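Just below is one structure, and these are the notes that go with it.
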Amino acid sequence: MLSDNILAMAPLSMGTRIIYLAILSICLVVSLGIGQYFSRRQKNAKSYFLGGGDMPGWLVGISISASMISAMTFLAIPGFSFKEDYRWVVPSFSFLIMAVFAIVVLIPFFRKASTPSGYAFLEQRFGAWARVYAAGGFLLFNVLRLGVVLYVTCLSLEVFFGIPAIWLMLILGIAATLYSMMGGFEAVVWTEFFQAIVLVMGAVIMVPVVLYAIPGGLGTVVDLAVPAGKMSLGSFEFTFVEKTVWVMVLASLFYNASDYSTRQDFIQRYRAPKNMRQARIAVAIGAVTVVPVWLYFNFLGTTLWTYYKVNPDPVVAEFTVSAPEKIVPYFMASQLPPAVTGLVLGAILMAALSTLAPILNACAVTWAGDFHHRFFRGPAEARDELKLGRATTRALGVIMIVLALLIHVLRTQTLQDLQATGQMLFSAGLFGLFLIGFFGHRISARASLCAAACTVGIVLVWFAAHTWKWMAWAPDPFWIPVLSNLGLPTFAIVFNKFMPPVKNPAADATADVQTQTAKP
């Protein structure tokens with residue numbers, strides 16, 4: 001176990017553990033306090049799921065940025081650049097490109113919706129199957145994501161607190177569930193604001209500390225990392241069998257397009273500001289602030305690689321290949337003074353909480369609107385809606401903790417691979433379906449259903465066949481987001497040629513979403 005190695009190399013005193021436990025307690029108490037404060041302001045489903053719909057754009061923008069910076073950002077991005085290179089740097093700018101699409105097309109469209117859920121539109125356009133397909137995929141992937149984020153946070157931090165990872169999963173999972181359940185979306189956004197402050201403070205201090213520990217500082221980093229290819233952007237060759245720069249850019253465009261278009265937590269943030277101008281400001285702030293953070297963490301991985309190149313460590317060699325995401329906590333435990341480590345710990349904790357809470361809230365919206373009201377019971381009174389939202393959040397919190405515990409016991413692949421696998425399988429072709437809904441008003445619902453069925457079937461076979469030796473010629477599953485989201489509309493166009501369209505008024509209403517006017 002990595003934690004055993006850390007303890008052997010850098011045992012922590014009882015006084016140091018008490019400091020770290022105090023930091024953990026402060027983070028949790030502040031988050032719960034905010035949840036309790038905003039619980040008094042929850043009167044109906046709109047206030048619980050959208051914060052009343054009158055929040056300032058700058059605040060929602062910071063929450064977008066904070067929710068995109070999870071504990072995985074602190075651990076996985078430096079781990080990847082430590083092990084590999086900067087091949088994720090260029091693709092990260094696709095988040096900015098798709099922000100323009102969101103500002104011009106998506107915000108006006110989703111602000112016209114009459115329900116908190118973003119998937120009701122798909123039922124109006126295609127039928128109930130499309131709503132289940134989108135909402136179900138979102139729920140399945142994000143419940144998995146909840147378990148992964150909770151697991152990786154607790155696994156990496158257990159050594160600092162002297163608490164087994166299993167107990168940390170219970171503590172952090174319950175805390176995230178409680179403040180999200182009590183205060184709703186408004187509590188989530190305001191907590192993310194305070195979490196972002198701690199997060200930035202903890203992140204900013206890491207690179208200067210590592211550079212200070214390297215003889216020659218930045219110059220040594222450049223002299224060693226550049227010849228070793230650690231600052232390379234990767235190959236610019238276009239191929240189907242290797243993750244080159246252009247391949248990753250294309251895949252990232254579709255990943256981010258899917259996030260902006262189909263993620264319920266993004267759709268909530270389009271509708272939470274008080275008007276369309278504020279909503280556009282929110283998306284712009286979120287995109288402009290999060291990309292530099294990703295770049296910063298890539299460089300952190302390079303500085304850590306340089307440090308251990310100058311100061312070889314046999315423990316680092318043990319997990320460089322199998323678990324590079326653990327390089328940051330190992331450096332913290334073995335090299336940083338307790339005060340600095342405490343600040344970074346607070347940042348990692350806040351990053352985890354700022355990711356878990358909005359996903360819990362968004363999943364609660366999706367279950368309540370797209371499944372409970374649609375298939376089990378109709379809309380209820382305002383207070384009953386509020387009770388349903390809180391009960392759903394509570395149930396999701398339990399599932400999150402159970403999943404994290406199962407991953408802890410049954411994990412057989414890297415966390416990045418596990419999360420990527422879930423996203424590829426549960427969101428196959430979903431952005432393509434939204435594109436048909438937005439722009440393909442001549443394509444029938446039946447043709448779209450057949451196209452979706454074909455796309456999902458091909459993705460499942462493709463993913464399974466990748467492990468078969470005789471299918472080694474097949475493109476890497478990394479291509480699934482690209483080809484599935486291009487393939488579904490293509491299949492729909494072909495099927496539409498052979499299936500007479502059924503008149504659908506909702507399709508006419510979505511023919512030109514760019515000219516729609518949002519509610520003020």
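Just so it is clear, glycine is given a Cβ too, placed from its N, Cα and C backbone atoms.
These numbers come from a predicted model, not from an experiment.
The transmembrane segment annotation in TrEMBL covers 18-38, 58-82, 88-111, 132-153, 159-181, 193-214, 240-258, 339-367, 388-410, 422-440, 447-465, 477-495 (among others).
Using a cut-off of 8 Å between Cβ atoms, the transmembrane segment (339-367) and the transmembrane segment (240-258) share fewer than three residue pairs, counting only pairs 6 or more apart in sequence. Contact counts against the transmembrane segment (447-465), taken as Cβ pairs under 8 Å, peak for 477-495 among the stretches 132-153, 159-181, 388-410, 422-440, 477-495. Only residues 6 or more beyond the boundaries of the transmembrane segment (159-181), in the same chain, are considered here, and those with a CB under 8 A from a CB of the stretch are 3, 6-7, 12, 17, 20-21, 24, 28, 31-32, 34-36, 150-151, 153, 187-188, 191, 329, 332-333, 341, 345, 349, 352-353, 356-358, 360-361, 390, 393-394, 396-398, 400-401, 404-405, 408. The stretches the transmembrane segment (388-410) and the transmembrane segment (132-153) meet in space: the count of Cβ pairs below 8 angstroms, excluding pairs fewer than 6 apart in sequence, reaches at least three. When each of 58-82, 132-153, 240-258, 422-440 is scored by its Cβ pairs under 8 Å to the transmembrane segment (88-111), the top-ranked stretch turns out to be 240-258. Contact check: the transmembrane segment (240-258) against the transmembrane segment (422-440) gives at least three Cβ pairs closer than 8 Å, residues 6 or more apart, which meets the contact criterion. For the transmembrane segment (422-440), the residues of the chain that approach it from at least six positions outside its boundaries are 105, 109, 121-122, 125-126, 130, 133-134, 137-138, 140-141, 144-145, 254-255, 257-258, 261-262, 448, 451-452, 455-456, 459-460, 463, 477, 480-481, 484-489, 492-493, 510-511, 513, judged by C-beta separation under 8 angstroms.
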